[in-house]
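Enquirer: My questions all concern the structure below.
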Amino acid sequence: MSILKAVRGTRDLLPPETEIWNHIENTARSVFGRYSFGEIRTPIFEDTQLFARGVGEETDIVAKEMYTWEDRARAQSEKAQSLTLRPENTAGVVRAYIEHGLGESGMLQKLYYIGPQFRRERPQKGRYRQFYQIGAEVIGPPSAGSESPLRDAEVLEMLATFLNELGITGWKLLINSVGSASDRPRYIAALREALRDVAPTMCIDCQRRAETNPLRVLDCKVPEDQPIIETLPRIADYLDEASQAHFAAVRAALDTCGVAYEISHRLVRGLDYYTRTTFEFQVQSEEGGLGAQNALLGGGRYDGLSEMIGGPKAPGIGFAIGADRLVLTLEAQAGQIAPRLADAYIAPLGEGLNPAGLLLARELRRAGLRIEVGDGGFRLKKSFETGNKLARNIVLLGEDELHSGILTVKNFASGEQTKIARGELAFALNPDSHSSPQE
Ligand code: AMP
């Protein structure tokens, strides 16, 4: 029989790497909590219509990358429902905002999520078919100030804080404004017009994009196309006065907070719902170990999204961090992490002492220590070998130790062997444990 493997583009996350994942998620919860965000968990699959309307039928995600299936109808009279594994989480959050009437409080909603997303992309380093995003949304009625450029700047400043707290170095923030819902069509028309003459000299993909989705031409990475792209119209020249003022206010707040950024005229991003501010945090490839996939996270404002999916006016701004890419970056910058060692390996000396070994482990674990228990069926040599792989110390538990309450402890690093009273063992093995010898 052939061996079954994880499906292409998916993978198992194993210890010790999952320690980095936990560290990233814990840091996100801690930082976002300080900015008063609360966690939201939406379903992993939704009605296909949500993404078709929210993300946009013409986007690569909806046109090519979704995992969609017809759910079986429960009754004959019922129509089969088309369902989709979520390719991103903003549409789901906005659906939940509408469904639960969260805007009726009149307050801004600040929500974050952590979870898997699914896109049928061509797998490569830093790009998977099941990948993980950590994201957040600030959304609410305009009366709550949801359109304010202050919200954009606050979100960007929070992201800078998050990356700095994780210790990511060499990140770069790129920002742009894609204008209002009326600015963008004027720009796209101008782009289409300009592309009519030059597209035939560009790469095959750009020739197609010039027809189907001209904004995507700006993402092209083919070196020969770059000088041509530089001559194309820039969206900055198509912003109305209100969008220009909004963008200037975002930049002024970032300047005041000392968050460095670069303006990137070509940052238009792949989702239809973006309006005004768009942004991306990148990490230089030699520092990030990401190769071509150097976008750590992206986001922007989506003032019309709620209405696109049938809700009230609810402007918002949000982002999604690619957690897989953060892990790769941390690994490249900090090196692989070593498996975590236990504080002690308890070696019962004889099978009859196994239950007593478990009880000692229970006491030490309750004191907060990380403990492995061996098996009294092992010979002493094997106990020492196993203990040395798993823990910093070995604690021998024989009949003598059990009755005298004095245990023999050997530290593997120093080779030192000592006798320690049971009541002082937790503190001796790890002074950070919650028990102290005085207690
Ligand atoms: P997007 O939802 O397309 O705006 O992407 C936001 C972030 O999610 C990107 O900057 C990436 O870090 C990450 N991301 C998007 N697609 C993938 C993927 N297929 N595999 C891994 N990370 C991804």
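Positions of Cβ are set from backbone N, Cα and C atoms, glycine also.
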Enquirer: Which one of Arg72, Arg119, Arg251 goes with Glu88, Asn89, Thr90, Gln133, Glu137, Arg269, Tyr273, Tyr274 at the L-histidine site, as TrEMBL has it?
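Expert: It is Arg119, as the record lists it for that site.
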Enquirer: What's the number of neighbouring CB atoms sitting within 10 A of the CB on Thr90 (L-histidine binding site)?
Expert: 26
Enquirer: Just the binding-site residues from Glu88, Thr90, Tyr274 whose C-beta lies under 6 Å from any atom of ligand 1, please, or none if there are none.
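Expert: With ligand 1 as the reference and 6 Å as the Cβ limit, the list reads Glu88.
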Enquirer: Would you mind checking how many other C-beta atoms are within 10 angstroms of the C-beta on Gln133 (L-histidine binding site)?
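Expert: Taking all protein chains shown, Gln133 (L-histidine binding site) has 20 Cβ neighbours within 10 Å.
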Enquirer: Determine the most Cβ-crowded residue among the binding-site residues Arg269, Tyr274, using a 10 Å radius around each Cβ and all protein chains in the structure.
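Expert: It comes out as Tyr274.
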Enquirer: Rounded to a whole angstrom, what is the largest C-alpha distance between any two of the residues Glu88, Asn89, Thr90, Arg119, Gln133, Glu137, Arg269, Tyr273, Tyr274 that the record assigns to L-histidine?
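Expert: It comes out at 21 Å between the most distant Cα atoms.
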Enquirer: Which of the three DSSP states, helix, strand or coil, fits Gln133 (L-histidine binding site)?
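Expert: It is in a strand.
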